[in-house]
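As recorded in TrEMBL, the features of this protein are as follows:
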SIGNAL    1-27  signal peptide
DOMAIN    35-109  domain 'Inhibitor I9'
DOMAIN    148-614  domain 'Peptidase S8/S53'
ACT_SITE  ASP155  active site, charge relay system
ACT_SITE  HIS228  active site, charge relay system
DOMAIN    415-490  domain 'PA'
ACT_SITE  SER575  active site, charge relay system
DOMAIN    687-786  domain 'Subtilisin-like protease fibronectin type-III'
Amino acid sequence: MRGALALPSLLLLPLFLVLSSLSISSAASGKQEQVYIVYLGGHAGAKAEEAILEDHHALLLSVKSSEEEARASLLYSYKHTLNGFAAMLSPEEATELAERSEVVSAFRSEGRWAPHTTRSWQFLGFEEGLKGPDGSDWLPSLDKSSGDVIVGVLDSGIWPESRSFSDEGLGPVPARWKGVCQGGESFSSSSCNRKIIGARYYLKAYEAHYNGLNTTYAFRSPRDHDGHGTHTASTVAGRTVPGVSALGGFAAGSASGGAPLARLAVYKVCWPIPDNPNPNIENTCFEADMLAAMDDAVGDGVDVMSISIGSTGAPLPFAQDGIAVGALHAARRGVVVSCSGGNSGPKPATVSNLAPWMLTVAASSIDRAFDSPIKLGNGVEIMGQTVTSYHLPGNKPYPMVYAADAVVPGTPSNVTNQCLPNSLSADKVRGKIVVCLRGSGLRVEKGLEVKRAGGAAILLGNPPASGSEVPVDAHVLPGTAISAADAKTILAYINSSSSPTAVLDPSRTVVDVRPSPVMAQFSSRGPNVLEPNILKPDITAPGLNILAAWSEVSSPTKLGGDHRVVRYNIMSGTSMSCPHVSAAAVLLKAAHPDWSAAAIRSAIMTTATTSNAEGGPLKNGDGTVAGPMDYGAGHIRPNHALDPGLVYDASYEDYLLFACASGTGGSQSQLDPSAAPCPARPPPPYQLNHPSVAVHGLNGTVTVRRTVTNVGSGGGAARYAVAVDEPAGVSVKVSPRRLRFARAGERKVFTIRIEARGGGVERGRFVAGSYAWSDSVHVVRSPIVVMVA
């Protein structure tokens with residue numbers, strides 16, 4: 001989960017950062033040095049690791065005054081898939097290296113990166129009409145072949161003692177595994193098992209920036225002090241654990257990851273931000289550390305990488321984007337990389353992790369709620385949402401006050417209703433229910449401020465942009481969250497009454513909530529600002545109010561004053577939706593071990609649904625109908641993805657060719673200087689053989705070319721016909737309209753002619769449609785988004 005500091009009011013967004021690198025003085029050279037990544041492209045595979053390391057030392061020696069200084073400056077040597085290194089360099093040294101012909105780019109490693117279930121998998125199974133062995137609705141894990149699949153999780157570490165990571169009944173570790181179990185503080189080789197088969201931690205760039213690690217609130221080891229990494233790891237591959245719940249007994253049931261038999265490899269790359277009042281509320285992840293982890297993960301033998309991390313600020317060209325570079329070389333080795341899309345919605349053009357060779361995941365809801373009835377003094381009843389275990393005593397009315405009417409003098413006028421730290425007057429809120437609004441500041445900190453001032457409870461109202469989507473929290477005092485419309489109703493009552501009161505009834509877990517799923521308002525939206533001819537996000541999955549395992553040294557709110565201990569916790573964000581898609585990729589890898597990363601991404605995207613469980617269109621949290629800029633191809637259906645019928649495949653060379661034409665993504669030589677040079681007139685970016693179609697700046701007519709491969713479960717002959725849903729004001733003609741396959745693995749090419757109808761579409765705005773191939777068994781659907789120039 002990730003986003004800008006403007007959104008930390010969502011503790012569904014657990015971790016955020018907007019920081020620039022600090023200069024660090026080198027005692028040896030007297031120069032102002034920082035961590036730089038020097039990217040050299042890919043490895044041809046001919047050199048041994050020792051020879052690669054020596055090449056890196058030689059490059060450093062060309063800008064350093066001695067061999068000793070060159071070797072001391074090196075932090076990481078990337079040697080498994082991508083070729084490059086991270087080192088302490090002055091800006092002048094980095095510039096000198098960047099000018100060398102063998103260097104693709106040299107860019108600063110910054111801390112602008114940050115980490116962006118009992119019911120969610122059951123809900124996905126229910127959507128697909130599946131039944132488990134006990135008759136319950138469930139998404140069945142694939143047979144024991146999924147135990148041979150290894151998923152690498154880049155995050156804040158893991159709490160290995162959790163029951164979600166038991167290795168009971170698992171066979172030997174796959175023989176191809178080459179990783180290690182790196183020991184450290186409160187973590188030893190015995191912390192790994194046949195479930196957690198490897199664990200590493202990376203903090204050289206972090207420590208270079210912050211001059212060390214404060215171990216009072218972080219473990220110098222793979223152990224998770226935060227909770228975020230444990231949560232994501234258990235969501236993707238946690239074992240089935242009966243009888244678990246969040247604090248207070250909410251969401252009780254059996255917890256399971258989507259691929260409970262898969263093996264876990266943990267790569268701890270995210271660390272607390274020092275000098276914050278609550279350091280673990282906001283974690284940061286440095287590119288140099290992440291790139292080292294991604295390089296090691298591929299070398300260790302992972303099949304899938306789950307990365308609930310992304311950047312803040314304007315996106316960088318792909319050749320200077322650490323996750324994009326690492327994901328490109330992982331995809332070259334067949335590793336699927338699934339990334340969170342960010343939590344800066346519903347504002348458009350906020351999605352991150354934008355490269356077409358990765359899966360970018362949006363967030364949506366499941367069919368569970370935590371109803372918390374509110375009875376106003378005028379007789380009106382409102383339904384809030386909470387997982388707070390505290391209750392107001394006496395089941396009686398309590399006086400209410402609006403935060404804006406109870407602030408201390410000097411509180412800025414634009415945040416008087418926000419319940420920010422030290423803003424409330426104890427004389428005005430003592431013993432009362434305080435109505436606060438979301439916006440600036442963390443949601444749980446607002447409750448902490450109400451408690452500090454002596455308030456009895458908190459009602460936390462949504463801003464208009466969040467609509468009826470209500471993320472829940474385990475507040476430190478009685479309290480509940482309410483929709484934007486209900487917040488308006490309550491404020492109107494307070495303004496009309498001389499002595500407003502309310503009764504807060506205990507909350508309860510409710511399932512089979514309709515409609516569901518609904519797109520989360522916090523989920524970052526398209527279009528893709530780096531390359532608008534590639535649709536992002538790619539897919540959506542459950543990310544609102546997800547229960548999963550937690551670190552036992554991190555409280556449910558992660559606030560310093562909260563000393564409660566939990567084994568499972570409810571969180572929200574694209575950090576939670578990302579591992580759902582990672583788990584689907586694990587199941588696909590188990591079923592189809594010979595498929596490329598692109599084929600797996602295609603299967604997940606083309607089998608997604610744009611309908612909710614009732615058959616209506618997917619909607620946003622504010623009630624509007626959602627579209628591809630919200631959910632990409634649609635809501636994930638893992639079981640359907642196992643047999644997609646047709647797939648859109650793409651190679652490493654295809655991605656390099658794409659980069660040649662992508663105006664902001666860099667040229668082919670910027671991604672891999674050892675590859676063939678870019679053609680004089682490369683095909684436009686929308687010609688990449690991608691499962692979705694996006695055309696930005698349509699002027700007249702374009703013809704898009706696509707290739708599909710027959711992978712249907714029948715294994716032989718197949719006939720497909722196409723159906724088109726044209727975007728408003730745009731003509732879409734597919735040719736040919738029928739495809740005949742004689743055998744499995746056969747490929748067919750077709751074209752899509754896209755033309756703007758005269759005056760039929762608003763210019764400068766994307767319009768959406770789709771096309772779908774069907775053989776009466778499979779439906780292979782692709783979204784189309786077009787902006788007319």
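Here the Cβ of each residue, glycine as well, is placed from N, Cα and C on the backbone.
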Pairwise Cα distance for SER575 (active site, charge relay system)/HIS228 (active site, charge relay system) [Å, integer]:
8
Measure from the CA atom of ASP155 (active site, charge relay system) to the CA atom of HIS228 (active site, charge relay system) and give the result in Å, rounded to a whole number.
7
I'd like the number of other C-beta atoms within 10 A of the C-beta of ASP155 (active site, charge relay system), please.
30
Average model confidence [pLDDT] within the domain 'Subtilisin-like protease fibronectin type-III' (687-786):
94
Just counting, how many other CB atoms are there within 10 A of the CB of SER575 (active site, charge relay system)?
35
